[in-house]
Amino acid sequence: MDPVIIGIGGPVGAGKTQLVERLTRAMSEEISMAAITNDIYTIEDAKILSRTSVLPEERIVGIETGGCPHTAIREDTSMNEAAIEQLKARFPDLQVIFVESGGDNLSATFSPELVDFSIYIIDVAQGEKIPRKAGQGMIKSDLFIVNKTDLAPYVGADLSVMESDSKVFRKDRPFAFTNLKTDEGLDVVMDWIRNDVLMADLG
């Protein structure tokens, strides 16, 4: 059975790499995983994952996309597709491959030909009105995450406002609030992977 491909998108600094690091660490005993990172001119995120993640270095592939990072996850996904095939051949037991996009704007989305499910992550420091802007990444993702909840008091963000706005544009689609620095809310994301992603794939 092919692994499930989960895309992770969001602006620069929102916590995409940290989310992959935390998920792979927390779920390493139950799921066989690998990760692909997309950066414009470097493979810095892949290097960070190699240092901080429990994933062996050979299970992490860094891609230098050049130009606009959203092109590699939507218009021309060939580099990511090649990396996925490389990981599948190298590790036949893989159950989940995370594809982290380069930092991009609120409208960036993954091609449905590339990923099976997508996560879009923002952080509280971008302001409580961000969910109200309802960019395509936030609307169309299978899971929406508001990260760095611990910063709310320092940036004047009201989490209850962000939650109510998220409910409006997400409708029946799930969303979560996290502080990945302490793993607060990570259990919600892991349950989503277990119940919505892996169980759906079995179905």
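Keep in mind that glycine also has a Cβ here, set from the backbone N, Cα and C atoms.
Lifted from Swiss-Prot, the feature list:
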BINDING   G10, P11, V12, G13, A14, G15, K16, T17  GTP binding site
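Mapped onto this structure are the features recorded in Swiss-Prot.
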residue: G10; record: GTP binding site; Cβ neighbours (10 Å): 28
residue: P11; record: GTP binding site; Cβ neighbours (10 Å): 20
residue: V12; record: GTP binding site; Cβ neighbours (10 Å): 10
residue: G13; record: GTP binding site; Cβ neighbours (10 Å): 15
residue: A14; record: GTP binding site; Cβ neighbours (10 Å): 25
residue: G15; record: GTP binding site; Cβ neighbours (10 Å): 23
residue: K16; record: GTP binding site; Cβ neighbours (10 Å): 26
residue: T17; record: GTP binding site; Cβ neighbours (10 Å): 25
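For the GTP site, the Cβ centre of G10, P11, V12, G13, A14, G15, K16, T17 serves as reference, and the other residues of the chain with Cβ at most 8 Å from it are G103, I121, I122, D123, N147. DSSP assigns G15 (GTP binding site) to coil in the three-state reduction, placing it in neither a helix nor a strand.
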